[in-house]
Amino acid sequence: MSLQMVTVGNSIALIQPGFSLMNFDGQVFFFGQKGWPKRSCPTGVFHFEVKHNHLKLKPAVFSKDSCYLPPLRYPATCTFSGNLESEKHQYIIHGGKTPNNELSDKIYVMSVVSKNNKKVTFRCTEKDLVGDIPEGRYGHSIDVVYSRGKSMGVLFGGRSYIPSAQRTTEKWNSVADCLPHVFLVDFEFGCSTSYILPELQDGLSFHVSIARNDTVYILGGHSLANNIRPANLYRIRVDLPLGSPAVECTVLPGGISVSSAILTQISNDEFVIVGGYQLENQKRMVCNIISFKDNKIDILEMETPDWTPDIKHSKIWFGSNMGNGTVFLGIPGDNKQAVSEAFYFYTLKCAEDDVNEDQITLTSSQTSTEDPGDSTPFEDSEEFCFSAEANSFDGDDEFDTYNEDDEEDESETGYWITCCPTCDVDINTWVPFYSTELNKPAMIYCSHGDGHWVHAQCMDLAERTLIHLSEGSNKYYCNEHVEIARALQTPKRVQSLKKPPLRSLHKKGSGKIITPAKKSFLRRLFD
């Protein structure tokens, strides 16, 4: 096993915990950026190219008949072929978090339409389901099994928001384990069926799943209800006769306690588990090799790589499988330095360089990090592009890499910003304050200077005032800048009073009126 540090260009801000990597015939693609796609890559999918330990992200494009694929973090992904003999494969994507912290319940299918030396064009379609539809979730698994010449998707585990009827002020954004049901999904006809297996008593998330022919193995995971990482190993076998499918579950010995681990395949019958956690804030530094022989599974510890001091001392780590027995890892940067990167990245090669890529087809695992709870969602971008033209990025070098400088500073426009010194809106405890709010706090734009967004609740705005300001085009100034705005206002012009015409003069000391004729006579007299 060899560990190498990777440098990243301007695109480093896109790589956050919860991303996914997809391997199409040896080419790796990045999916699940933090924030909505924008100008530099309106589709939100990037070619993930590592050369000489330097990473470049190049925008990928979708065909005109593709549906819009939102950036989803912590989704369940797996490869899918029509049958075991098929050389071409697709990726199935289910669930995950959107940048607005909403949970998706949709299934997307990604496939390659065309490929040349400069770009790859994808097609993305949304699969509608009927029957027992799995609720929106994240940190779960989806795999494909093959039996009797047919295929079926197997979905299990994950976390979801607690039902709205159970939400309180303190638990508005709380999540809970999904029920330990196994869903069989027919990707051809869009049918979904839920199965309750007595061996599966607790919901699990961030577990490892491996699909082998007609069987899925579930290893490790985290139970949020009990706050444990049970050392369980389940074998779920699916039989697909002409009638109804048959699903059976067996509890096997030899499991390990781990969550959020990364799974990579190094040969037809061998897999490696890297990373993960054994306790809440304790990383699991041991690597394991999983071997399959004669329908038996063996899990053994293997020689660990020479972890760097930064990796050893970091509290969290995350990453994804790149295929070819290679894992991409990230750790937080050193905050002690004056100028520090948000994350440092490494590649870990667990296999020899001559691994046949055609053999790496049936692996599946979750994104390799527990949900840290600090995933700061961003405001919807006005730069949505629901389908990119196939020639949007043809040839020109200016589109070769993602340029972070082209983007607006999303941290200043997000819903979860600190809008003023006394701002108390927190993503973990926020609850609707106005009747017009659904899943994000109401904001209002302050026109001071270059302008900035503030939370209406922090500005003590009544709902009637908020609605009134949103309907009109009047400028608004937040509490911090309202006095400055008043001081800069030009005083209203006051019309000067007109002096009445002098029609008569009164001589002091007498009540007699001096007429104009007498006034002229007196002037000549005294002159």
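Positions of Cβ are set from backbone N, Cα and C atoms, glycine also.
The model shown is predicted, which means the values in this text are computed figures rather than measured ones.
What TrEMBL annotates here:
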DOMAIN    414-491  domain 'Recombination activating protein 2 PHD'
BINDING   Cys419, Cys423, His455, Cys458  Zn(2+) 1 binding site
BINDING   Cys446, His452, Cys478, His481  Zn(2+) 2 binding site
If I take every residue in the domain 'Recombination activating protein 2 PHD' (414-491) and average their pLDDT values, what number comes out?
79
Going by DSSP, how much of the domain 'Recombination activating protein 2 PHD' (414-491) is helix, how much is strand and how much is coil, in residues?
16 helix, 8 strand, 54 coil
With the Zn(2+) 1 site defined by Cys419, Cys423, His455, Cys458, which remaining residues of that chain have Cβ atoms positioned within 8 Å of the Cβ centroid?
Ile417, Thr418, Cys420, Thr422, Asp424, Val425, Pro441, Val454, Gln457, Met459
Binding-site residues listed as His452, His455, least Cβ neighbours within 10 Å:
His452
Under 8 Å by Cβ from Cys458 (Zn(2+) 1 binding site), same chain, sequence gap 6 or more:
Cys419, Cys420, Thr422, Cys423, Asp424, Val425
Spatial separation of His455 (Zn(2+) 1 binding site) from His481 (Zn(2+) 2 binding site) - C-alpha basis, Å:
14
Compute the centroid of the Cβ atoms of Cys446, His452, Cys478, His481, then list the same-chain residues not in that set whose Cβ lies within 8 Å of it, in sequence order, for the Zn(2+) 2 site.
Tyr445, Ser447, His448, Gly449, Gly451, Val454, Tyr476, Tyr477, Glu480
Determine the most Cβ-crowded residue among the binding-site residues Cys419, Cys423, using a 10 Å radius around each Cβ and all protein chains in the structure.
Cys419
If I take the alpha carbons of Cys446 (Zn(2+) 2 binding site) and His455 (Zn(2+) 1 binding site), what is the distance between them in whole Å?
10
Around the C-beta of Cys446 (Zn(2+) 2 binding site), how many further C-beta atoms are within 10 angstroms, looking at every protein chain?
22
How many other Cβ atoms are found within 10 Å of the Cβ atom of Cys478 (Zn(2+) 2 binding site), counting all protein chains shown?
22
Cα-Cα distance linking Cys478 (Zn(2+) 2 binding site) and His455 (Zn(2+) 1 binding site), given in Å to the nearest integer:
9
